[in-house]
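Feature annotations, courtesy of Swiss-Prot:
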type	residues	note
REGION	1-82	region 'Disordered'
COMPBIAS	61-78	compositional bias 'Low complexity'
MOD_RES	Ser67	phosphoserine
DOMAIN	124-178	domain 'AWS'
DOMAIN	180-297	domain 'SET'
DOMAIN	304-320	domain 'Post-SET'
REGION	500-615	region 'Disordered'
COMPBIAS	576-593	compositional bias 'Basic residues'
MOD_RES	Ser594	phosphoserine
MOD_RES	Ser596	phosphoserine
COILED	627-674	coiled coil
COMPBIAS	667-678	compositional bias 'Basic residues'
REGION	667-689	region 'Disordered'
REGION	777-798	region 'Disordered'
MOD_RES	Ser787	phosphoserine
MOD_RES	Ser789	phosphoserine
MOD_RES	Ser793	phosphoserine
Amino acid sequence: MQTASSLSVLTPLNEENVDRKSSWSKDTIAVQAVGSSPSSSSSHDFESKEDAEGMNKDESAPSPSTSSPSSASSRSQSKYVRKEALPPQLFHHLDSAKDKALTTFEEIQECQYASANIGKPPENEAMICDCRPHWVDGVNVACGHGSNCINRMTSIECTDEDNVCGPSCQNQRFQRHEFAKVDVFLTEKKGFGLRADANLPKDTFVYEYIGEVIPEQKFRKRMRQYDSEGIKHFYFMMLQKGEYIDATKRGSLARFCNHSCRPNCYVDKWMVGDKLRMGIFCKRDIIRGEELTFDYNVDRYGAQAQPCYCGEPCCVGYIGGKTQTEAQSKLPENVREALGIEDEEDSWENITARRQRRKKGIDETSKIIEEVQPTPLTSESATKVIGVLLQTKDDLLTRKLMERIFLTSDPSVCRSIIALRGYNIFGLMLKKFSIDIEFILRSIKTMLSWPRLTRNKIQDSNIEPVVQEFCDHENEEVKDHAKTLLKEWESLEIAYRIPRRKPGQVAPQSTNAEPSNNQSNPPLRDQEPQRGDKGDIKSAINNSTEDLSKKHPALHSSRPSDSRSRSKFGNDYQSHSKHNLFRKNSFPKRRRLSNSDTPSETTTPNNEQEQVSNQANKVDLNKIISAAMESVNQKNVLKAQKEEEERIAQQKREEKRRLAYEESLKRHAKKLHEKKTKSSQDATIDHHLTSHSPESIAFKAVLAKFFANKTARYQEKLGKAEFKLRVKKMTEIILKKHIQLVLSKKEKALPDELSDSQQRKLRVWAFRYLDTVVSRSGTATTTPTDSPSIGESPKKAA
């Protein structure tokens, strides 16, 4: 977020403007400023624009008695009273105002960058996490919440091109626009607001703050432009030093998130690919219907303060302080956590100290960082520190965070730092502070004290060439420690990791595999079911028996009712042949004669009836067993088909992941090669481009010829010797200017010839130069030496 130190150089554009918020401004402030405006005319001016700002006229601002400076001052004086936090207020009963809010700006899906180089982090190398693809129901759940993904813990999003965690992992919320369910509603005093449309757990990604990313020069220009257009309220958020997100005319719903002195959300900066992006996250569990708010960290510019209507017990009464000198700047949430600063909200001593600093005009942000007493890291704070070190460009903050790492001696915490790319961080810091002997010495000593078992992390970070440069350092202590560190690293071995199964590799199939789809099925009567399908056969037989009993009750009524024969059919089933299956059930059992039976009672049916009954039983049972075998066979075939389809689909998924992985490795290798090639070319230019280089001599001849021809009329006024001296002097000035542009990467190389625009500018400058020489009698001590900038007009050059 915006801090006072980052914009303290700005001057108020117009003291009559009601309010200016350099980091944040909302159309809701138009209503807030009505009660405290200096005159009634300004109040009417605001009210006439309520419809344009999305406000209803019947929802007017509070009366002066409720929002006057005196009442606001009383709120400010009572802010030090410790009060209990109020329960969250819910607004889900209010109607949605999203459609109306969308008419006040142009909604865009991605940030729009003013140039290709803007929005890039300090270190633009791809960070690869250690996670591996883990697929559940077709979804890659790698790098999810609680997965200890290094990228996720250090506010870096994974990308499919540069990581081995697989495509579409869970750490791609910015890229996939996985925003929370939110809605826009109309507040009582603050204009539009943003509310949760569902219960949101802590640390949920709410929304990305989207807009136009512009440099500081364009930011200043837009401040003046919006002021001339009559736009009273701007939407600027600082992305990093010298770069801002402007959501005034183009943005997302995140622009409607209001300020609160006790917010339920916070803003965090994430590295997504080669760009930095700002997101709003839940600071605590949020209930559906709650308004989503965060601390604006405002540095105000203007004559009047903006009253705060958050309604919290700790409310300071104003956004940005009562006066311009009291504009309170705060550190971003992630920076405070990285520095180990505890909440100062209710501390009287800290409030008094801040007041004194503001009265003396001291840069409060820098002073806070300087006054922080570094403490050793814990495993939890290590992730915060590494995340900020990868994003910040502030040298003071970097040194303070590195001091915390230097003080850390706990082996478990040191191992956590190493796992969180500690060697990468130290490599960057050694390059950044390469002339600070004390910093270099402490860095090398810290790495010497780290526990190390293998060489893997050291090799992956490419820190050895960086330390190797200090082996020839002029300081003997630095040289000795660097050699000792390299010697210890060389004695370590690279740990061998058991390789995972390669993408596309399929486990060997067993000999009992199910038949594939293209295999022809043998005839039903020759195919025997597997032993594992015995239960399926019994079930199919029972079902078929029940169906036939319903269709042919006469056939089944003549079947013997001996329960023992039916139970033997199921329990004694061993063979799958029809003969063995019906051997015991072909004929009904005859009842054994007893002594008391008479011949008439034991008389058997005639042979014809018995033969018909037996034949019907055979037909019936043949149908049952045929239906059962067919049912089992169909199940086996379907099962085999399903397994074969799943196996083919798995092969395709693995092949796709393998190709994506190989492609990402190729792209990563290509980027590294291009970076090395570019750095070597730049180094060649830096070391060989001087005023005596062949290209410099050639360009010098072009300049000398140009100045001699275009300024020949001054030869009579100055004399031949003096004229030649001045031509030589002008040539050297312009040559030196171009060499500086090439060395600073603003120009690729010295031009072979001068363009028409360059000739015009140089001719005007040369005439002014020689006129000045003539007017000053051509003395060497009074000769002008200012050189023109090729991109400037002749007036500016003069």
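The backbone N, Cα and C atoms fix where each Cβ goes, glycine too.
DSSP assignment over the domain 'AWS' (124-178) gives 4 helix, 6 strand, 45 coil. As a summary of secondary structure, the compositional bias 'Basic residues' (667-678) carries 12 helix, 0 strand, 0 coil according to DSSP. Within the model, the domain 'SET' (180-297) shows a mean pLDDT value of 91, rounded to a whole number.
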